[in-house]
Amino acid sequence: MTKGGVWPLPWSITYSNDSFSISPSTFQFTTSLTGCQIIDRAFQRYRIISFPGYKSSSSFYSEKATSVNSVSVTVSSGCSTDYPQLEMDESYSIDSTSSNGSTITANSVWGTLRALESFSHLIYKDTSGQFRWWLRQARISDSPRFPHRGIMLDSARHYLSVNMIKRNLELMAQNKMNVFHWHLVDTEAFPYTSTKYPDMSAKGAYTPKHVYSVAQIQDIIDFARDRGIRVIPEFDTPGHAGGWHGFPGLLSACFDHLGNSMLPNIIDPTQTQNWDFLSNFFGEALDLFKDNYFHFGGDEVLDDMLQCWSRNKNVSSWMEANNMGNDTSLLLNYYYKNLVQRVQQHKNTTTMIFWEEVFDMNVAPNGSVAHAWKGETMKDIMDEMFDITSRGHRAILSTCWYLNYIRYGPDWGYIDGNGTMTRGSYYECDPTNFNGTAAQKALVLGGEAPMWGEYVDGTNLIPRMWPRASAVAERLWSDPAQTTSADAAWPRLHEFRCRMMSRGYEVEPPNNPDYCPDFWDVTLPDYSNDNPSTTSPPGGSPTTTTSAACNLHTFFSVTLTIIFAFLLNVF
């Protein structure tokens, strides 16, 4: 592995041959920018994560090496209280070649956050058994290739706790990824809490415990902001709506070909009260989330969903009365056009993102963004990107980065066999690798790595996501001319994977057998303690809820035991 390698690879980095000794007990970040909370909190974080495993009681061995004690940070535009947006400036420069101290320069707080992460990668721990750290001497000038570099989490199929989401946000920041696409609700569950419509989560969530309150959502948004990460929610409609049954009549009644009732999974757009609901619901969500972009889904409105409309007598009668005959595609177009109009009436500064099917129907508004997810081979994927951009639409690619798919062997870096990759081979997939014009390729905003949640929850999210998503992070950040080989990238990824693990994250081995200087370990519970209230199970502790019925059962059991013991003593 490398020593002091930076991930993702900066656009310009020049290493010197030497390294400085650096002491975690005396090292300081300094800046003339006073009272800037986002920078102050970042300094506090990086004092810790730059030296994983260090404790103040540890003895520091410095030999006679030249040491560096500080890095001076300059933010040209000063502090900001804004939330990050697509247009944020993430550029920065680093000079760690002077023994008088290193320097970080950035135009904005967002670039400063990226610089602090890169600077922490230049620090590495001695592997000879001595407890010491070194700072690699380097000059870096860097900025991202794409402005949209995202991770999508699905918390509808399996609920993800707030702390698990934050844990993933920490790793996103360490990989310089800047968009958390939050797929909040779906057919299976509706954990999002609406203040205006509390029955949506009360009736749609798995349990009252498996929900996200408004305060928790705001907490996640603020936590992400501190790391330069945008939070873009997705509410997928009109299909995938089985969890939306908290508003009476919102979903279309569904029937099979024999007239038997089926579970509804699509919104009924023919009812006036449903449009009042959608206007109010999305208006509330648009006000809660701070980003200028908002994902409205729109994928997989399949024949079985459309048949809910065609086999529903009330819906089909409305279609006949509105000159649609029995063509459900016309009703689908009607839905999208009305949704777009109402969103724009509430907040005309919102840019709408849809899955690519909505663009295939030519109902997406001007300026909206197509999220590409279709295609099996690399040719299919790039043909889709060509088609989307040839029609003048901006695009985000996800197709080749579905991290919920797993297979045996390293899938982060290589295209198999004949080069017609299926989803996987993440490092080799480039979202602009299609035969389009320069103007078309300029419409590509970047990409996202989705983690769909059918088989993923808090127990396996992190190891399945990382460091496989790190390959996506480098592809979306770095100069493609310098990152053509997964073999050349591996020594840096090896070091970075070990770095993430030493910081306390259970990131899986992405390649063939190897090792990290520090191995992963766990603390076992102390079963010798007879008091269950002070003994925890191994690993994490699942939250539990004690019911009133259970308490009542315990009360009667204890009471009967005492009475029985008393009677034995008397007689």
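Cβ coordinates are placed from backbone N, Cα and C, and glycine is handled just like the others.
Recorded disulfide link (TrEMBL): Cys498 to Cys516, out of the candidates Cys516, Cys550. Counting only the Cα atoms, the space from Cys254 (disulfide bond) to Glu300 (active site, proton donor) is about 17 angstrom. Cys498 (disulfide bond) sits 51 Å from Cys308 (disulfide bond), taking the CA atoms of both as reference points. All protein chains shown were included, and the count of other CB atoms within 10 Å of the CB of Cys79 (disulfide bond) stands at 16. Look at the domain 'Beta-hexosaminidase eukaryotic type N-terminal' (6-120): DSSP puts its residues at 25 helix, 31 strand, 59 coil.
Ranking the disulfide-bonded residues Cys36, Cys308 by the number of CB atoms within 10 A of their own CB puts Cys308 at the top.
Of the recorded residues, Cys308 (disulfide bond) and Glu300 (active site, proton donor) place their C-alpha atoms 14 Å from one another.
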